[in-house]
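Asks: Sharing a structure, written as structure tokens. Questions coming.
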């Protein structure tokens with residue numbers, strides 16, 4: 001175990017406070033009865049009431065959930081194949097290009113991705129008549145494309161940890177490659193696929209910039225609605241929405257890390 | 001069916017190898033084709049449209065290739081957008097300003113992120129999950145909402161000003177929101193997890209015995225840090241800096257929400273060209289130049305990586 005001094009501990013805790021204080025403040029403000037940030041108007045649930053009577057926000061949230069679900073599923077299928085091909089297939093022609101294409105979306109500025117995909121969709125509609133206009137379909141394709149890069153990274157690192165011995169054994173015993181993949185590789189990959197799906201879902205659910213480029217009229221996702229609201233300043237029902245989302249994600253992440261930590265401790269004790 | 005029977009029932013080795021090849025190639029083809037179609041091909045259209053003129057049409061740009069009559073094909077390319085990019089000082093200063101803001105933010109992310117990563121590595125293994133989750137949690141929650149949280153803190157009647165005025169430190173509210181300072185705060189805040197995770201991954205592999213050896217040989221902790229820890233963390237530092245710097249250059253949301261109207265960042269310029277001016281060719285030209293500026297450092301790093309790997 002690495003030893004560090006008091007200075008590192010102090011700096012690290014200060015850094016974590018920097019990460020958490022704004023989130024904490026936003027959560028407290030969501031229960032503030034006053035519309036003003038600097039005035040405490042008593043504890044109240046009124047912004048939550050306002051949030052759940054705002055049809056525009058609720059419709060956008062439902063659209064975002066559907067988009068994120070489809071995109072994440074598509075991204076997991078494509079990303080798993082990409083990650084598997086890159087770690088298990090050895091050299092093939094164009095492998096370097098593929099590795100580059102899988103890594104590049106991680107750093108590509110969103111405005112470039114959004115603009116380029118929109119221009120592609122416009123050109124495709126011109127040439128082959130599909131996709132007709134911009135809709136949920138174009139958002140899902142765009143999100144799946146940048147999310148599959150994240151899934152591929154998660155799958156690649158998981159595959160690098162497991163050696164290929166079990167897959168080879170299955171093939172030595174006569175299983176075709178795809179049988180070995182389905183019966184041996186996939187079950188071992190399952191945790192990575194679940195976290196990849198959740199990551200892709202979150203990234204798609206949060207995306208503002210790419211969606212703004214490739215969505216059509218009537219398909220405003222939740223971040224697009226939030227952005228147009230908060231551009232004009234603080235809006236208390238957005239605080240309430242943020243508290244619900246962060247509370248939900250926070251609970252999931254902490255249950256997961258607590259269980260992982262407990263499993264780890266049991267391994268250490270054993 | 002036992003494995004032996006299955007082996008006996010399988011087709012001849014040659015046919016089997018052929019079908020194996022076919023299967024293998026189609027597994028490669030699916031993600032490969034998808035990325036070529038939806039990631040690489042779009043850049044060709046950005047390049048194409050950057051060479052067109054804006055037009056009052058749907059879509060709002062001129063055609064590059066047109067049949068004048070049955071036999072004459074005209075190709076019209078204009079470099080006017082690129083000329084404008086070079087001549088109008090606004091674009092140049094937007095590029096330089098974005099690079100500056102991204103570079104300074106990256107340095108601050110590194111300075112704040114390194115102690116966090118070191119701290120997590122110094123925890124016992126079962127506690128690391130908790131601390132990693134503390135860093136990951138903001139990454140899993142909406143970046144838009146986290147940037148928005150700063151508006152309430154920084155605005156003139158916001159929490160920070162109210163606090164400072166009540167404490168008697170200032171008499172007049174400070175202008176904090178819609179400044180460059182707010183943009184730096186927002187970028188460092190949003191991208192910090194992207195810096196910590198690769199740093200953690202690099203430091204986790206560091207063997208504590210090396211630091212003990214260094215201490216046994218009489219090095220003070222600071223000396224050990226600069227001669228042992230830091231050099232071994234270099235891959236993590238490079239990865240973290242790339243993950244922060246490159247997207248930060250093209251950042252749109254943070255300057256739009258926290259920056260001043262005259263905070264020039266190239267992502268915002270592109271957005272305005274596209275959505276406000278409906279000048280698709282100009283937006284495309286801005287994107288192409290940004291791509292060239294950003295791809296260069298990434299290629300350099302990759303080339304360095306392959307070079308060091310070949311040496312090893």
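Positions of Cβ are set from backbone N, Cα and C atoms, glycine also.
Per TrEMBL, domain 'ABC transmembrane type-1' is recorded for A:61-256. Annotated transmembrane segment per TrEMBL: A:7-31, A:60-86, A:98-124, A:136-155, A:186-205, A:238-256, in sequence order.
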Asks: Might you confirm whether the transmembrane segment (A:238-256) is in contact with the transmembrane segment (A:7-31), defined here as three or more C-beta pairs under 8 A between residues 6 or more apart in sequence?
Replies: yes
Asks: Near the transmembrane segment (A:238-256), which same-chain residues lie under 8 Å Cβ to Cβ, leaving out any that are not at least 6 residues past its ends?
Replies: 23, 26-27, 29-30, 32, 47-48, 50-51, 57, 202, 226, 229-230
Asks: Could you tell me what the rest of the chain brings near the transmembrane segment (A:186-205), counting residues at least six beyond its ends with Cβ under 8 Å?
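Replies: Cβ under 8 Å, 6 or more out: 64-65, 67-69, 71-73, 75-76, 79-80, 143-144, 146-148, 150-151, 154-155, 157-159, 162, 166, 222-223, 249.
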Asks: Counting only residues 6 or more past its boundaries, what in the same chain has a CB within less than 8 Å of a CB in the transmembrane segment (A:60-86)?
Replies: 92, 95, 98-99, 102, 136, 139-140, 143-145, 147-156, 159, 181, 185, 189, 193, 196-198, 200-202, 204-205, 211, 219-225
